[in-house]
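Notes follow once the structure below has been shown.
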């Protein structure tokens, strides 16, 4: 029958395809900025600076005329370098302190005499063999300022969290089109501005704003593309947005390999998606948002444009769509759900009884674990040994088949039956990595790629699974709260990676425990494959209790009729193109 991914691309009609690929292309910039700090904030080898000109340098049994010649021999942060200045003084240079020998007769590495300890008031000397400049070397974010360097990625992820909340709400109020315009332009402007920040604090603030617009674009892009593609292609469309995000990670690895000065590196990353910024103003507003705002003339214009691009001679009229929606609402009001559909709901409804509360806790844990594992594997890839640029590239590349497998498995095996094995598999891989000898670099990298693959499958399908687990009246709350837990996981992930300094396997241990716990709890969730969406909490509870009769007792939601009419615009294109 052919590749399912190819079928997905062929199922998109001309207009939808142009809109889709233009929108998801910019998703690469989100992947770029999310992971840019792995090379931008690298801490190279360093030692304390010294007061004066050096005449000779000694490191164990090796001597040199300059410190630059010593870096290739540097193996541990516990090492120190002995330098003799032109005035005869001999200094021992550690990373965060320096000592002056009281007796400086012979230049020897070992010295048991008296020494005077001084702080690093003359700055630091950095190994620039790999990176000419990073934000760490630019503003001396080492020793007592090391914590500032470790806050770079968490503060960015905090901006991601806040941006998702703010721009998601603005998109519902002002429209998807305007938010896409603003956030895509904001990514370019703030991305370039980061390269020209004058100190650490301005750097963090501008990166925080960059995180907000990047997250805002990604959230709204998901909604935007799903409102333009057909129902049959919706799952594949949303999953392939993740794929373009992964391509952004691969771009980071490539640019990092080619450019070794952090501000030039940042500029190159920011201009990577400049073509979209120049043409994003051509993207239309979605007909569904225009209809929800009763802007019928604007909606008709977009519908006519879609029909013209897709060579449909008789596009449907907005009046027909409105009549369908009114009929659906009328039929919905005659049922037993009148009270629950008009009642306002809040986050407490996700804990209204034990069954729903247990479901919510499990779903939140999966969201958190998926995000935590995703970023722990990504951020840790540069510390696995070997070529760090190739490691990051492979960690991004492994996601591309991951989402194809996820789409096939969730449609063939079911959502729960796909989620459980991949969560448990990711936990087992975390344990397996701990038993691989550290000098087996290739095996460690392959195992980390397998871990990223398995956690990526789980992370990719939880969005759709969450939407199907909850009824219409709290569905947005459920997905939104789950997404919030995802952002919390992304904020925690950098701190989790920093625990490598405590024990090298501590991040993997934490991810493994969370993934195993999530996999076990997922067993208690109901399967949603092939079952209609529920409308009330009673129906959602019944779906968990009686899996077989659920599909017979529940009728599909009525809200899809108007959507189907718009999505049918391209069907005449199939015979025309062929």
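Any Cβ shown, glycine's included, is placed from N, Cα and C.
Keep in mind that TrEMBL annotations are predicted by a computer and have not been checked by a curator.
Per TrEMBL, the feature transmembrane segment maps to 17-36 (among others). Long-range Cβ contacts of the transmembrane segment (17-36) within its own chain (Cβ-Cβ under 8 Å, at least 6 residues beyond either end) map to 9, 156, 160, 180, 184, 187, 191, 210-211, 214-215, 217-218, 221, 224-225, 228-229, 237, 240-241, 244-249, 251-252, 265-266, 269-270, 272-273, 275-276, 279-280, 283-284, 309, 378-379, 392, 396.
Marked as domain 'Major facilitator superfamily (MFS) profile' by TrEMBL: 72-530.
Per TrEMBL, transmembrane segment is recorded for 147-167 (among others).
Below 8 angstroms of C-beta separation, residues 23, 26, 29-30, 33, 167, 170-171, 206-207, 209-210, 213-214, 216-217, 220-221, 224, 263-264, 266-267, 269-271, 273-274, 276-277, 280-281, 283 of the same chain, each at least six residues beyond the ends of the transmembrane segment (179-198), sit close to that stretch. Residues annotated as transmembrane segment in TrEMBL: 179-198 (among others).
Residues or ranges marked as transmembrane segment in TrEMBL: 204-225 (among others). Residues 19-20, 23-24, 26-27, 29-30, 33-34, 151-152, 155-164, 166-168, 170-171, 176, 179-180, 182-184, 186-187, 190-191, 193-194, 197, 237-238, 241, 245, 286, 483, 487 of the same chain lie 6+ residues outside the transmembrane segment (204-225) yet bring a C-beta within less than 8 angstroms of a C-beta in it.
Per TrEMBL, the feature transmembrane segment maps to 237-257 (among others).
Positions annotated as transmembrane segment by TrEMBL: 263-283 (among others). Sequence-distant contacts of the transmembrane segment (263-283) (same chain, six or more residues past either end, CB-CB distance under 8 Å): 19, 22-23, 25-26, 28-29, 32-33, 36, 39-40, 133, 177, 180-181, 184-185, 187-188, 191-192, 194-196, 251-252, 255-256.
Within the chain, the transmembrane segment (361-377) has long-range Cβ neighbours (under 8 A, six or more residues past its boundaries) at 157, 395, 419, 423, 426, 448, 451-452, 455-456, 458-459, 462, 465-466, 469, 478, 481-483, 485-490, 492-494, 496-497, 507-508, 510-511, 514-515, 517-518, 521-522, 524-525. Among the features that TrEMBL reports, transmembrane segment is placed at 361-377 (among others).
Marked as transmembrane segment by TrEMBL: 389-410 (among others).
For 417-436 (among others), the entry in TrEMBL reads transmembrane segment.
As annotated by TrEMBL, transmembrane segment applies to 442-465 (among others). If you look at the transmembrane segment (442-465), the same-chain residues 6 or more away from its ends with a CB under 8 A from one of its CBs are 235, 238-239, 242, 363, 366-367, 369-371, 373-374, 377-378, 380-381, 384-386, 391, 394-395, 398-399, 401-403, 405-406, 409-410, 415-416, 418-419, 422-423, 425-426, 429-430, 432-433, 436, 479, 482-483, 508, 511, 515, 518, 528.
Taken from TrEMBL, the feature transmembrane segment covers 477-497 (among others). Remote same-chain residues near the transmembrane segment (477-497) are listed as 150, 153-154, 157-158, 160-161, 164-165, 168, 215, 219, 345-347, 349-350, 360, 363-365, 367-372, 374-376, 379-380, 462-463, 466-467, 469-470, 506-507, 510-511 (criterion: CB distance under 8 Å, separation of at least six residues from the stretch ends).
Taken from TrEMBL, the feature transmembrane segment covers 503-525 (among others).
Restricting the average to the domain 'Major facilitator superfamily (MFS) profile' (72-530) gives a pLDDT of 84. Long-range neighbours of the transmembrane segment (237-257) within the same chain, counting only residues 6 or more positions beyond its ends whose Cβ lies under 8 Å from a Cβ of the stretch, are 5, 8, 12, 20, 24-25, 27-36, 38-39, 218, 221-222, 225-226, 229, 265, 268-269, 272, 378, 389-393, 395-397, 399-400, 403, 406-407, 456, 460-461, 463-464.
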